[in-house]
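Peer 1: Mind having a look at this structure? Questions to follow.
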Amino acid sequence: MQPCTMWNLCAAGKTESCELPGSEKVYLLKQDCTFFTRKEILRLHARFYELAPNMVPMDYTNDPEVRLPLQLIINMPELVENPFKERIVQAFSEDGEGNLSFNDFVDMFSVMSEMAPRELKAIYAFKIYDFNTDNFICKSDLEQTLNKLTREELEAEEVTLVCEKVIEEADMDGDGKLAFADFENMISKAPDFLSTFHIRI
Amino acid sequence: MRKVLQKWKLTTKNVSLRDYPVPLHEKRRLREEELELIRNSNTKFWGPWSTCGECLCVRSTLDRLHQVARAFKLWERALIAISGRFGSGISSYFSFLRFLLLLNLVSSVFIFGMLVVPTLFFTKDDVHQAPPGSDDPCISPSNNTESEGIFIDLFTGQGFLRDSILFYGHYFKGTTDGSSFNIRLVYLLVPLVYLLLCGLYLMRRTAQGIATRRVRSRDYKTRISTKVFSSWDFCAQGVGMSLLKQQSLSNEIKSHLAEELWLLNLEGLSLGRRVHIIFSRVLINSVILALLGCAFYSVHLAAVVSQDYQGITPILALFTQYLVPIVISLVLILLPPIFMLLVKLEGHSPSAELTLTLIRCVFLRLGTLGIFFFSLGQKILCYGSEETSCNVCGHNTQFKCWETSVGQEFYKLSVFHFLHLTMDFLLLQAPRSFLVSRVKWRVVVWLGKEKFSLPQNVLDTVYGQTLVWGGLFYAPLLPLLNIVFIFLTFHIKKFSLYRLCDASQKLVRVSTSRILFYFVLLLGLMTTFFPLIYMVTSVRPSRACGLFTDYSTTWEYVQNSTRSAMAIKDLSYVTSDLFPFCLLGIFSIMLTSYISRVRQYEHIIEELKDHLTYQIQDKIFLVRTLKEADDAPGQEMDHQEHQSDTP
C-alpha cells in the first residue's frame, strides 16, 4: 500500500487504501475539524502530555478516554495569568466541571486561535462570561466579570453603575439581562474583539 | 444536533466543518457521516469534486501556503513576544514598522531594478560632463564647495556623494540612447506611480478602519460594554503583567465614568462658567497659534541662513548645513509638552484633550515640513522675491543642479532624524533609566523612567517616512537608506521598551492606533505629493545636469512622447478649467446620496429595535394571561369542592 499523502486523502473514501501509522490516524482526521495543521496538533499533544506524563497515553488508536482535571490545565503558562482561566476550561469541557480530554483541549485552542471566525468566538465568549450557566448574562455575571477584570479595585457603586450601563447599552429585548443575540450584536460592534480574544500556543 | 447544524448551514454560507460550535468528537463523527454519504452516492471520477462544494484539496493547499508564508514573515517571533508582554496596542506599533519596511523595500526594488541597473550598465565614461568652454551661464560649472573629507561628505551629501547614483544629478539622458529602454520616462513615472499606489492603498486602509470603528460603534465614543468585554488581552502572558493590566483597566473604566460625569456636569453649567471656558479656549488657541507661527518662522530663518553660509571651518559649516534639521527637532521636542499642558486649561473632556493634542502635533510636524519646502522654493526658485538671478535660467544660478541640492536637503533631514533617535536613546533614555535604578533622590523618583508613548512614536516614524517620500524624486535611493534606518529603529525601540521604559499605565487600542497610523501617513504622503506634482509640471529643470535638460518642464517630455503616439487631443479637456468643477459636482451628488442612505438606515434600525421590544412585551403579556387562565379554572374547581364539602 502506498503511504498517505495530502492528495490521496482528498478524494473521498481513500483513507482505507493507503497506510497510516496507528498513532497518526487520529491527527489526520482531526485536520479539517480544527484550525491547526498536523504539526501543530502533534505539538499540542506534546504539551498535553507534559501536563500529566503518567496519565496521558502516546497511542490514540483505541481512542482512550483520558481527562485531565481543571487544576492541571489552568497552570499552563498561556492560561495562568488570565482571570477567566477556570471559566475558559469549563466552557470547553463536556461535563462543565473543567475536565478536558485531548479532543476538548485541541478544540479549546483551535477556537481561541487567530484563525477562528468571529461568530464562533462569540458563542464561546458568551459561554465563558455566563458564570451561572443559565444561558443569560445577568447582572451578577457582569459583576463577577468586572471584579475579575479589575481585581476589585473599583468601588461597589462604580461596579453597579458600570453593570447597569452595559445592560442598558446591549439589552435589546428589555428583560434586564443579555441573551446570546444581544451579546453577539454588541460584540459585532467591538472592533477589537477578534484581536484580544485569542490565545497563542 | 442535525437540526441545529442544518439551521447553521442555512444562515451562513460556505461554512466549513471547523466553524461549527460543537465539541470535537461530534465534528469527527459528522465528518465520517459526510464521507460515508459521498462514498456511497457517487463513484465517478468527478464525484468528490462536484459533491463537496469547495474541494478539501484546494482549501488545505491554501492553508498550507498561508502557514508557510507566515513562517517567513520578518520579526514574527519578536512581535509575538512583545504582544504577550506589553499588549497588542504596543505590538501594533512594531508591526507598523514592519509594514513601512515592506513599502520601502518595494520602492527600492523597483527603483533599483529600473533605474540604477540600466544606469550602471550603460554608463559611458564622460558623456555626462558638460562640454568645456560653453558660455551659457546656466550650464558652466560653478565654484561649488569642494569636498571636505569623506566623513563630513557622508553627512552633507557633498563631494563624492553628490555625483553618485544617490542623487538626481547622476542620471543623464545619454544612458539609453539607441536602445528602446526610455530612461527618462522610467525616472519620471516610477516614483509618481509608486506614490500614487501608496496613496490609494493607504486611503483604502484608512477608510476600512474608520468604517469598522464607525459602523461597529455607531459614534466615535467607545462604549463601556466594549471596554468590559474586549479590553482584556487573552494572549498576554508574563508574570506580574496581569496585575499591571488590571490596574490600567480599572483606571480606564474610572476615566470613562469620569468622562460621563463630566458630560453630565456640562449640562448644568452656569452662564458665567461657560463664558469663562469659551474665553479661555480662545486665549489658549491664540497662544498655540502664536507658538506655531514662531516655530515656522524659526524654521524659515534657519533655511535662509543655512543656504547663505560662506566658507568657514568645516565643523561650523557642517553645523550650518544641519541647522534646519536641528531647529526642526528642537521645535518638535519643545512644543508638544507645552501643548499637553495648555490643553488641560481648556476645559475639554479627557478623551477630547488627547485628540486635540494629537491633531496639533500632526499639524506642527507637517507644517514645519511645508514651511521648509516653501523656503527652499524661495531660495532655489525665487518665489515671491525680487531676485533677478532667476530670470536667466529659471532657477537660482548659484545652484547649477538644483535638483541635487533639494535631494541633499532631504538626505540631511533623513540622516538627522535617525541621528536624533539614536542620540535620544543614548543620551536621554539610557542615563535616565540608569539614574532611576541606582539613585534614590526624590526628584529622580518623581521623574521616573521614560514611558513608551505610542502616539509620539507613531508620529515620529510617519515623519521619517514622509521625508523619504518627499525626497524620492530627487534622491532615488533614499528608500534603501530608510530600510537600514527602520531596521535599526526596530531594534533600538525594542531594547528601550524592554529595558529602559516603564510599562505604560494607559491601555492602547489596536483599532485606534491603526487608524491614527494610516491616516497620518496618508496626510504626510499628500503633503509631499502635491508639491512634487507642482514641481514636475511647472518648474524648469536645471540645464547642467539630469535627464530633462532640454525641456521647459519635466512633464513636457511625457507630453511630447505621447503626442505622436496616440491622438489624445480629447484629454486636453481633462486639464481645462471646467473639468474639476464637473467632477466636484458629481462627487457631491454621490456623497449626498450615501449620507442620506446612511441616515435612513440608522432610523430604520432604531425603529426595529423598538419593534423588537414591543414584540417581547406582547409575548410576556400573552404568557402571563395564559398562565392566569390556566390557574383560574383550577381555583374554581377548588372552590366548588370546598362548597360541596362544607354541608
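Residue 1 is the first one shown; counting continues down the chain.
Every residue gets a Cβ built from N, Cα and C, even glycine.
Positions annotated as transmembrane segment by TrEMBL: B:99-122, B:185-203, B:282-302, B:322-342, B:354-376, B:467-490, B:515-534, B:578-595. Summarising the annotation, TrEMBL assigns domain 'TMC' to B:401-511.
Can you tell me where each of these features sits in the structure?
Peer 2: Residues 74, 165, 170-171, 175-176, 179, 181, 183, 186-187, 190-191, 194, 198, 461, 465, 468, 472, 476-477, 479-480, 482-483, 486-487 of the same chain lie 6+ residues outside the transmembrane segment (B:99-122) yet bring a C-beta within less than 8 angstroms of a C-beta in it.
Residues 323-324, 326-328, 331, 335, 338-339, 342-343, 345-346, 360, 363-364, 367-368, 371-372, 374-375 of the same chain lie 6+ residues outside the transmembrane segment (B:282-302) yet bring a C-beta within less than 8 angstroms of a C-beta in it.
A Cβ distance under 8 Å defines the sequence-distant neighbours of the transmembrane segment (B:322-342), meaning residues of its chain 6+ beyond its ends; these are 155-156, 284, 287-288, 291-292, 295, 298-299, 302-303, 305-306, 357, 360-361, 364-365, 368, 372, 409, 412-413, 416-417, 420, 456.
For the transmembrane segment (B:354-376), same-chain residues at least 6 beyond its ends with a Cβ under 8 Å from one of its own Cβ atoms are 288, 292, 295-296, 299-300, 303-304, 324, 328, 331-332, 335-336, 339-340, 343, 346, 348, 383, 406, 409, 413, 455-456, 459, 463, 466-467, 470, 516, 520, 523-524, 527-528, 531.
Counting residue by residue with DSSP, the domain 'TMC' (B:401-511) contains 85 helix, 4 strand, 22 coil.
Only residues 6 or more beyond the boundaries of the transmembrane segment (B:467-490), in the same chain, are considered here, and those with a CB under 8 A from a CB of the stretch are 75, 94, 97-98, 100-101, 104-105, 107-108, 111-112, 115-116, 165-168, 187, 191-192, 194-195, 198, 369, 373, 403-404, 406-411, 413-415, 417-418, 421-422, 461, 524-525, 527-529, 531-532, 535-536.
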Peer 1: So if I exclude everything within five residues of the ends of the transmembrane segment (B:185-203), which remaining residues of that chain have a CB under 8 angstroms from its CBs? That is, six or more out.
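Peer 2: For the transmembrane segment (B:185-203), the nonlocal Cβ contacts are 103, 106-107, 110-111, 114-115, 118, 171, 469, 472-473, 476, 518, 521-522, 525-526, 528-529, 532-533, 536, 547, 554-555, 557-558, 561.
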